[in-house]
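**Student:** Per Swiss-Prot, the features are:
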DOMAIN    10-367  domain 'Kinesin motor'
BINDING   Gly97, Gln98, Thr99, Gly100, Thr101, Gly102, Lys103, Thr104  ATP binding site
REGION    251-292  region 'Disordered'
COMPBIAS  270-284  compositional bias 'Gly residues'
COILED    378-632  coiled coil
REGION    397-421  region 'Disordered'
COMPBIAS  401-416  compositional bias 'Basic residues'
REGION    633-793  region 'Globular'
REGION    754-796  region 'Disordered'
Amino acid sequence: MASKTKASEALKVVARCRPLSRKEEAAGHEQILTMDVKLGQVTLRNPRAAPGELPKTFTFDAVYDASSKQADLYDETVRPLIDSVLQGFNGTVFAYGQTGTGKTYTMQGTWVEPELRGVIPNAFEHIFTHISRSQNQQYLVRASYLEIYQEEIRDLLSKEPGKRLELKENPETGVYIKDLSSFVTKNVKEIEHVMNLGNQARAVGSTHMNEVSSRSHAIFVITVECSERGSDGQDHIRVGKLNLVDLAGSERQNKAGPNTPGGPATQSTAGGGGGGGGTSGSGSSGERPKEASKINLSLSALGNVIAALAGNRSTHIPYRDSKLTRLLQDSLGGNAKTIMVATLGPASHSYDESLSTLRFANRAKNIKNKPRVNEDPKDTLLREFQEEIARLKAQLEKKGMLGKRPRRKSSRRKKAVSAPAGYPEGAVIEAWVAEEEDDNNNNHRPPQPTLEAALEKNMENYLQEQKERLEEEKAAIQDDRSLVSEEKQKLLEEKEKMLEDLKREQQATELLAAKYKAMESKLLIGGRNIMDHTNEQQKMLELKRQEIAEQKRREREMQQEMLLRDEETMELRGTYSSLQQEVEVKTKKLKKLYAKLQAVKAEIQDQHEEYIRVRQDLEEAQNEQTRELKLKYLIIENFIPPEEKNKIMNRLFLDCEEEQWKFQPLVPAGVNNSQMKKRPTSAVGYKRPISQYARVAMAMGSHPRYRAENIMFLELDVSPPAIFEMEFSHDQEQDPRVLHMERLMRLDSFLERPSTSKVRKSRSWCQSPQRPPPPSTVHASMASAPLHPATVVDHD
């Protein structure tokens, strides 16, 4: 990748203060912040300070008080950065501060009112206005929108916004997000629509400090690719990337305040309200502490990175401590131009948070970036589009559907043409209509046909010619009397088939032309929709505006330098007209030095207290992690077998890209195991698991204690029962004793089981016996039905 290296430049830091809210005024809070716009200084007064304690003063690149407008911040600070992005640099703008100090207002503002629009909508307008005024350049603008919620990266433009994305790193391109969606936009309306879709899926919630507070860090990424023909006749591509960051608000849980209802962060269309860094007593509860802990960790990691970069003594920069710092790696000390907007609250109850934000921003001033132009990268989408357009154009020229247009002087205007058949519904293709100018007189000739009109005309003419030719051939076949009817029919069918093939080819050509125009419409070409002299006037106005902003910046720097020079002059001046004058001058100097000494002592004391507070927070976090670790070890030692624990430990590996421990898959990635293996049986040959001791006991004997099945062994009687018939005469009366003897004899013969006995199904012994019949019917039943030995009843 070729690049134009530029000398290192410092990260630009500006401070902005909002006015007191009605709620703060009603509560009686006083204003403790003083902004000096000309000198770029912020003075913070401690409301709990002892008498005689001096306020703290911080100096920044620019300062905007409560009366400042959105346009002032954008024109003086952000506009030069957007111009650099259009030239091929990487740029980042992010707002940092306490929750409710106006970070989202600074970044987004109110979209419906032009005067209240923030950095993001003004950047949209700036980018596409610049493209429309450019000459002989092709642009491709892409947009992506993501958020970091509880250290998980989510794509806000995806159909599944809750899906977790992976963070990867390429040695050539740097850090990137795998499977992050990107949309090509052609105007301000489309890119605003993309952002509104993402805002609907962003996580926001309510806290004591802000009713609509951002619960995630949101990053809107705009990639601008520009192609321009150089002096060598080759097309050179520049790629600029703009990161617009809206940080979430961290929480200080130990600060008093009414609790708000808990619950998970909601999905709202507000796009975040509070957003931002610093510590905040927001009175959050429920799921908010969990969100706040993740936000605090990421912002603490951001502070550690800035401290390491500003100190110039650390060889290791902890970019990998959080997802936020890894994504902003180029923006902090890398290949980017970065602007940090520190938003402040003027109320007395926010003294600690404002002081923390000011110290954070003051450290960030010392960070040095090394921005360079990203020229001719390998993975540009614009180059792919140009190659695809050239291929489609060659196919159309081969089919004769695309003719060469003569070169002419033209004043161009833009026209919207509805999409042809085969193009997605509702799409609009931008066609450029050129009108020739007559050099002799100022009259315009009729407008020349557009590319789409020329294509449609060529297609219609070609189809009409082929149809006429086929009709003539069909008529000639009909008139030819030398042909047999079967041959005529066959030839006519061939002609009809040729006509159908012609129509299908025509449809394929139309689809190809539609694809060509769709690809070409995504490339924005400047200088075609506004008069050239108007473009020049607008460019002059922008240059004047930039000169005024640059003059203000130089004036501010000169005033700061004059103050330093005055102090040095007073120290160097050693001649006095009298002893009284010398005493007065040295007394004044002594008071000033004593005030500086007291300020340094107070700063040291504040730093010591902050160090103790940070150390206590770290100790508390360490103790909490130690308790969780002990609990997990206790569960593992008591509930997980050692062999299973060893299996789990053997599968663990460290993912260096994400800094996380992960499990190796059970089946290797290269093995194609289409059939799933069967689960191993616990006891082969048995229905239930049986111990080894029970198996040995079963082999030694048939003790039922060790058997899982077939506990009892019973011999099966397979001989069928014998059934015999008894016949009695109803009129003959017999002696009961004779009947009894006959029954006994028949019973003996039954026990002998003769082979001639009839086999019938009998009732089992376990069935309940039926009620015996009356005595008068016994003989009749015995005479009419066979008698079973078990059913013989003596009624004597």
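Cβ coordinates are placed from backbone N, Cα and C, and glycine is handled just like the others.
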**Student:** Taking only the residues in the domain 'Kinesin motor' (10-367), give me the average pLDDT of this model.
**Tutor:** 82
**Student:** When DSSP states are folded down to helix, strand and coil, where does Gly102 (ATP binding site) land?
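**Tutor:** Going by the DSSP assignment, Gly102 (ATP binding site) belongs to neither helix nor strand, so it counts as coil.
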**Student:** In the structure shown, which of the binding-site residues Gly97, Gly100, Gly102 has the fewest other Cβ atoms within 10 Å?
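**Tutor:** It is Gly102 that, of the binding-site residues Gly97, Gly100, Gly102, has the fewest other Cβ atoms within 10 Å.
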